[in-house]
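A quick write-up on the structure given underneath.
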């Protein structure tokens, strides 16, 4: 079954892409999915206990691995962006960008974040207020300052760097090496070899990668459905029960299934643009209607703190937590938040990374990496700065005790308690609910589109429409079943475990794309190494006494001298003509 020579075909054996379904990957993903979810459904309590134990192991024992990977991913993206590799164009010389910058940024942000930024953007600061980092006193001035800062860090450049690890690798092989295979195993070929990556052993890598996609995609509904249901209750008084959440799931699925069916330009691009501009309008309204000066002041201060303290936050492991007798505090903050977030982004990285790679054809690698990190981090920061600081202002002034509402009634109740303080609250809540639906839909149509691409042998333009629809509704059925038995929170935690194997795979992707790109660069006849050996020294440089030695023919200085002579000659001819 795992014969390394099986299914191996040398280059050039077929003229057109093989768009058939890769049965091994397709059914392998479904098998693992049901092997994990069925026991959770049949034995919900035991499954919940097992998942909680697994989460404790992943975030506790592997915590330093996740933090180290975050640092490594950030360094990787910076290196790729500002080395010669960053200058490589994703496509042929004549290829133009497929999407204008505005649409590209909107698709990337809306597809990469989902409704989670709306959920956490309003209430995340409350958790940091009550359980601050660095052993600070809850509710103290320093705790408040860090509460407005840490959200920007957790949703900032490191998160997008994690997304970009698979983006760079897959975009390189898809657009530079013109591979019709949109798979992770293909991107590992420089490290593992062609025979291995095209065998079933290589396909197992794709299976784990796809399972991470499904785990990340399905769990995002754990935040979206209750939040949307609570919004509909606020608007129409409909109880936010199981039937309401299933109805929300069905409507959202219908939207993103249609969008995925229409493809990148016909569906996903249009839906993302609508989502993007409606989000801007909502944020501007909150900024103008709220304490504008306070929001901007705190936002700028928090942004500066997150940038200056970024290295500290990236590497804080609370390593002395076990020495409480010596005065050290054990807050559990890195494990509960930073490590959990890095594991969370890692689960989403396969989907969003592949999607960013797919929509970035025609750009340089630097444009893709810097643009993704800038627009993605900026978009998240704007949500946290405006929505979070508005809620914090209510808490500080006593207009609304957001902390008590969250502790007594839950996060969704706190979100709508904050929104109810806005002018024209019903309209604001209505727009918020529509945005939550659109954010969820744009994320899921991206996921279903990429899932369909990965489970085909090769992709000719876009994956089959029936394939896109299948994965759209597969993503819906699983969380719907778990909602029915009340096990969605268990799935949310279980998805973190799905990211553990990705630590190794993603680290290999970094090495693989660097190896491939360097080889291809050195192979180009017009590429020159940046290390220059100074062999000819002028007898007298311009800053030394004496006449400057004439530069050798062909050197840049000689070319500049010739150009200067031609320019001066042209000016003299112009003067003579004028005279």
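Any Cβ shown, glycine's included, is placed from N, Cα and C.
Within the set 317-338, 339-360, the record from TrEMBL flags 339-360 under the feature transmembrane segment. According to TrEMBL, the feature transmembrane segment maps to residues 204-223, out of the candidate ranges 184-203, 204-223, 444-463. Between the listed ranges 469-488, 529-548, TrEMBL ties the annotation transmembrane segment to 469-488.
When the ranges 103-122, 123-142 are checked against TrEMBL, the one recorded as transmembrane segment is 103-122.
With a cut-off of 8 Å between Cβ atoms, the residues of this chain six or more beyond the transmembrane segment (413-439) that come close are 110, 113-115, 117-119, 122-123, 126, 224, 227-228, 230-232, 234-235, 248, 251-252, 255, 271, 274-275, 278-279, 281-282, 285-286, 289-290, 387, 390-391, 394, 399-400, 402, 405-406. Between the transmembrane segment (276-300) and the stretches 63-82, 103-122, 339-360, Cβ pairs under 8 Å are most numerous for 103-122.
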